[in-house]
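J.: Sharing the record's features from Swiss-Prot:
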- 1-33: region 'Disordered' (REGION)
- 1-10: compositional bias 'Low complexity' (COMPBIAS)
- 1-66: topological domain 'Cytoplasmic' (TOPO_DOM)
- 22-33: compositional bias 'Basic and acidic residues' (COMPBIAS)
- 67-87: transmembrane segment (TRANSMEM)
- N159: N-linked glycosylation site (CARBOHYD)
- N212: N-linked glycosylation site (CARBOHYD)
- N259: N-linked glycosylation site (CARBOHYD)
- C289-C315: disulfide bond (DISULFID)
- C291-C308: disulfide bond (DISULFID)
Amino acid sequence: MAAAAAAAAAEQQSSNGPVKKSMREKAVERRNVNKEHNSNFKAGYIPIDEDRLHKTGLRGRKGNLAICVIILLFILAVINLIITLVIWAVIRIGPNGCDSMEFHESGLLRFKQVSDMGVIHPLYKSTVGGRRNENLVITGNNQPIVFQQGTTKLSVENNKTSITSDIGMQFFDPRTQNILFSTDYETHEFHLPSGVKSLNVQKASTERITSNATSDLNIKVDGRAIVRGNEGVFIMGKTIEFHMGGNMELKAENSIILNGSVMVSTTRLPSSSSGDQLGSGDWVRYKLCMCADGTLFKVQVTSQNMGCQISDNPCGNTH
């Protein structure tokens, strides 16, 4: 409207000459000019209170997600700082380098102080040792010390040391290379090391078991002992004694031969009174008999005062 009024005034002035304006018209014209002048500085701007203004930034769920990500990054930064401080305190990195360990060009890692470790995994063909003229001390805090390579394991505890291996084991002197103990029975005969008085095993497979000429061979078990041979079992000695709390069972496919002086204590053998009826109940009676050559055999008792003279016996003519 202001532009139309200005155009009409210009046409009137051009056709009729200069036209004098009143004070009111001049004030209105001056106000319009000021508005147009000020609008040049606000070109391209939109009032911030405009309802149709496009809203930017993270709002709603996106804003909450952004806050969670920022908090998570802050927590990770704090954890990283704590780990860095712990590593710095343990390794003791200072102006002069690392005070707790040394790294050498040959690949040697040397610890300069007492180190607390959980599990150590040496590299292939690596060595763990101590300094010259100093002992290497390895201790466990109320736990066993375990050295393991593949299926071979050495466990050192307070009251025992156990070695487990599926491929055998061998002990030798590192200076003289002399084999002290080996389980390679095809090459070396099995001998207990000097100072070892007993060997505790659950199952052993060997060709023979012998003792020294001046000592006895004692085989002790807490439960049941089974001695089995593929081609027979031969027990030889100056004196052979069997002490057991239960039953002793001898089984053989062909025969059982006892050579030498055989002593059988009958105090523990079950016996029945002479007044019992033969064959009463579920019991079957046998009489223990011995041949002149030491062969033992049993005879079923079918009548009173029955002896060992039966037709079917392993003694032959003499019994």
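Each Cβ is built from the backbone N, Cα and C atoms, and glycine gets one as well.
Can you walk me through where each of these features ends up in the structure?
T.: Reduced to three states, the DSSP call for N159 (N-linked glycosylation site) is coil.
Summarising the environment of N212 (N-linked glycosylation site), the number of other Cβ atoms within 10 Å of its Cβ, over all protein chains shown, is 8. N212 (N-linked glycosylation site) carries neither a helix nor a strand DSSP state and counts as coil.
Counting every protein chain shown, the number of other Cβ atoms lying within 10 Å of the Cβ of N259 (N-linked glycosylation site) is 9.
According to its DSSP assignment, C289 (disulfide bond) is in a strand.
Counting every protein chain shown, 16 other Cβ atoms lie within 10 Å of the Cβ of C291 (disulfide bond).
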J.: If you measure C315 (disulfide bond) to C308 (disulfide bond) at Cα, how many Å is it?
T.: 10
J.: State the Cα to Cα distance, in Å, between N212 (N-linked glycosylation site) and C308 (disulfide bond), rounded to an integer.
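T.: Here the two Cα atoms are 41 Å apart.
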J.: Taking C289, C308 as the disulfide-bonded residues to compare, which has the smallest set of other Cβ atoms within 10 Å?
T.: C308
